[in-house]
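So the structure is just underneath, and the comments pick up after that.
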């Protein structure tokens, strides 16, 4: 058979009519038919995703924020930033057909910056709950790069797959929250010559799954070895939210702002008038790089939201107002036993003050409440008391509340 007679087995074009003609056992396929076949497969995959999430209704940013408001007190700016970022992320996935072919919208992962106990994890958790997508939490401090003792980054994806009931398609549209991300900063701005097990190496390992790749996940967890089978998962549509306190980064920001503000007409605000949040709201990627995050990693988290430290008033609202407020939870638990409890305003203030001393934000509230309620939940059902008021005296005596004290206060 001459070159002139060689044709594509699918469209019939000759070798001269196409750019490439690929030969197989007794058949030929041209480059145009390869592209057409690829487009058909891609279209089918998109249809599969649409069918999998056909009941998914993308809420508007206002609706997302309204739901967050039910569980997270304060943090208005952070909630607004998150709502828009999440809306755009899922719009990019589910509305591809409405985006013109000459525009490629990249994934916008989110970085949350704020002190311990201000609601970083709760925000990510609540978003996943509202959107009804799989969710997984990872602690960056437990991760190590391949070859070192610790946890492989792929195990984060295994948790997501498990939480999606092993449905890979659902997991590929999930949310992953990585806590303590600031703890894997490298020790200096200069790239390390030696291995940095807990810093730069982990950032490099995370970078691959965060930016979008086909990851091989060991189904049993643990370290990968060459003889085991893997689950493959595409991470390009997984939303990664990273959180950290980034203690000390405000000094980097202040230094840059002070230097840049020196000049004719510059408005210099005294340092003592700037709150920590005001300073952190001026964070730029270069500040994160100076802190120890590698440039490529910073580039994969273009959306940055700063969370404010919690005031006494905010903690009081957290204690009583959200759907999952601790006071509401304990009241509901004791009501099942037929016991109605109430808290005086002074008792609530006492709980907040005790929590503030712990300097762990909303986590301090839980610690104080659990210590207070342990004895009450143990003793009250046995004492036949049907109604009980919690006072500051009980708050300050928590951990050593006796039956006699309870009877006296109930009496």
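In case you wondered, yes, glycine gets a Cβ from its N, Cα and C as well.
Keep in mind that what you see is a predicted model, and the values were worked out from it rather than measured.
Annotation comment: Swiss-Prot describes 1-49 as domain 'ClpX-type ZB'. The Zn(2+) binding site feature in Swiss-Prot is assigned to 8, 11, 30, 33. Residues or ranges marked as ATP binding site by Swiss-Prot on the basis of sequence analysis: 115, 116, 117, 118, 119, 120, 121, 122.
Features recorded in Swiss-Prot, as mapped to the structure shown.
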{"residue": "8", "record": "Zn(2+) binding site", "DSSP (3 states)": "coil"}
{"residue": "33", "record": "Zn(2+) binding site", "DSSP (3 states)": "helix"}
{"residue": "115", "record": "ATP binding site", "DSSP (3 states)": "coil"}
{"residue": "120", "record": "ATP binding site", "DSSP (3 states)": "helix"}
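Summary for the binding-site residues 11, 118: the Cβ-based neighbour count within 10 Å is maximal at 118. Of all the Cβ atoms in the protein chains shown, 22 others lie within 10 Å of the Cβ of residue 8 (Zn(2+) binding site). Sitting within 8 Å of the Cβ centre of 8, 11, 30, 33, and not among those site residues for Zn(2+), are the Cβ atoms of 7, 9, 10, 12, 13, 18, 21, 28, 29, 31, 32, 34. Neighbouring residues of the recorded ATP site, listed in sequence order and excluding 115, 116, 117, 118, 119, 120, 121, 122, comprise 114, 243, 307, 361, 362, 363 (Cβ within 8 Å of the Cβ centroid). Counting neighbouring Cβ atoms within 10 Å of each of the binding-site residues (115, 117, 119), the lowest count belongs to 115. The C-beta environment of residue 120 (ATP binding site), restricted to residues of the same chain at least 6 apart in sequence and closer than 8 Å, consists of 112, 114, 179, 243, 307. Among the binding-site residues 115, 116, 119, 121, 122, not one has a Cα within 10 Å of the Cα of residue 11 (Zn(2+) binding site).
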